[in-house]
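Working notes for the structure below.
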Amino acid sequence: MLNSNTKDHEDLRIYQIIDANLDRAREGLRVLEDWARFGLGKEKYVEKIKNFRQILGKNHLEVYKQSRNQIEDNCKGLTHQEQLNRKTSEQIISSNSARVQEALRVIEEFSRLHNNELSKIASEIRYEIYTVEIDLLSFSKFKKSEKILKENDLYVITDQKDNLLEIIEEILIAGVKIIQHRFKTGTDQDHLQEAIEIKNLCKRYNSLFIVNDRLDIALASNADGIHLGQDDLDLKTTRKLFGYSKIIGISANNAIDISNALDEGCDYIGIGPVFETTTKKNKKPLGIENIKTLTKDLNIPWFAIGGIKSNNISYLKRNGFKKVALVSELMNSEDPKEDAMMILKELSHEN
């Protein structure tokens, strides 16, 4: 409750400070709430943020509102250049989270003088917003990666090449948006350095960088995702360690593999081999009809893999296959940029 231990003029100044910062905090919360609702579809966070906003609204007393017009504010309308430089949803989330946190800190400090209840409320919400900010940023990053995954039909897997970085850049220039890196020979230090270099290339071209199998390398290189085989670390543990802003894909060869992958919450599935392939010599080809049966009810992205070449993509397309993963076709190409462009064109062609 309010008390009258301070002088009237000082009270007015303090009320004005609290009023301005309650407005700032509530406005910033509204921005976060709307992004959680319309941008991310996260009902849990919408309810949580709305509750914070309503609590502050309930404590926005009339005495605070009345103070705003009683002392002239010569700094009204001041802006900063950084406010004009926000170009992404992440920047908007970060700036408005900071706006809320800073406003709540001011409220917490000044309301201690006469309204301990409001000070406590501001402190509790401020600490909650630190976590909300991190979660919203993670969800937003995942949303972008998920969008790339859904909208792009060519998934390129690397092979060991002396000029690997050159090949990767050529296919990225061509328009490839998903790269999975497989490790073969070399030390872990070599693998990490190579992963970081490929990650930087993918970032430059707004493409996803996915690491095959190695969670440690994926974490250390800040990869966008990881692809797991049936004998790798389980998805639940991987998700816990890797985080919810990252893409996790699973290899599948049968209905049980697919069912388990869906139950565990994977983001995409690689299904195959479709045809005979030198990269999976011990795997019997599934064939077109078998894969069509396996995938008829799949509602997440899936990529056909195994023995896929530029000369059989049109055949796959005619059979309803939309997304494919390639290895040797581009890794062994004499002109990876041109071949990647041709394959992308073929995949975009409506049969």
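Including glycine, each Cβ sits where the backbone N, Cα and C put it.
What Swiss-Prot lists as region 'Unknown' is 1-128. What Swiss-Prot records for 129-351 is region 'Thiamine-phosphate synthase'. Summarising the annotation, Swiss-Prot assigns 4-amino-2-methyl-5-(diphosphooxymethyl)pyrimidine binding site to GLN180, HIS181, ARG182, PHE183, LYS184, ASN212, SER251, LYS280. Residues or ranges marked as Mg(2+) binding site by Swiss-Prot on the basis of sequence analysis: ASP213, ASP232.
Overlay of Swiss-Prot feature records on the structure.
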{"residue": "GLN180", "record": "4-amino-2-methyl-5-(diphosphooxymethyl)pyrimidine binding site", "DSSP (3 states)": "strand"}
{"residue": "ASN212", "record": "4-amino-2-methyl-5-(diphosphooxymethyl)pyrimidine binding site", "DSSP (3 states)": "strand"}
{"residue": "ASP232", "record": "Mg(2+) binding site", "DSSP (3 states)": "coil"}
{"residue": "SER251", "record": "4-amino-2-methyl-5-(diphosphooxymethyl)pyrimidine binding site", "DSSP (3 states)": "strand"}
Considering only the binding-site residues HIS181, ARG182, PHE183, LYS184, ASN212, which residue has the minimal Cα-Cα separation from ASP232 (Mg(2+) binding site)?
ASN212
Across all chains shown, how many C-beta atoms besides its own are within 10 angstroms of the C-beta of HIS181 (4-amino-2-methyl-5-(diphosphooxymethyl)pyrimidine binding site)?
27
For LYS184 (4-amino-2-methyl-5-(diphosphooxymethyl)pyrimidine binding site), list the number of other Cβ atoms lying within 10 Å of its Cβ atom.
8
Can you tell me how far the Cα of ARG182 (4-amino-2-methyl-5-(diphosphooxymethyl)pyrimidine binding site) sits from the Cα of ASP213 (Mg(2+) binding site), in Å?
8
Could you round the CA separation between SER251 (4-amino-2-methyl-5-(diphosphooxymethyl)pyrimidine binding site) and ASP213 (Mg(2+) binding site) to a whole angstrom and send it over?
11
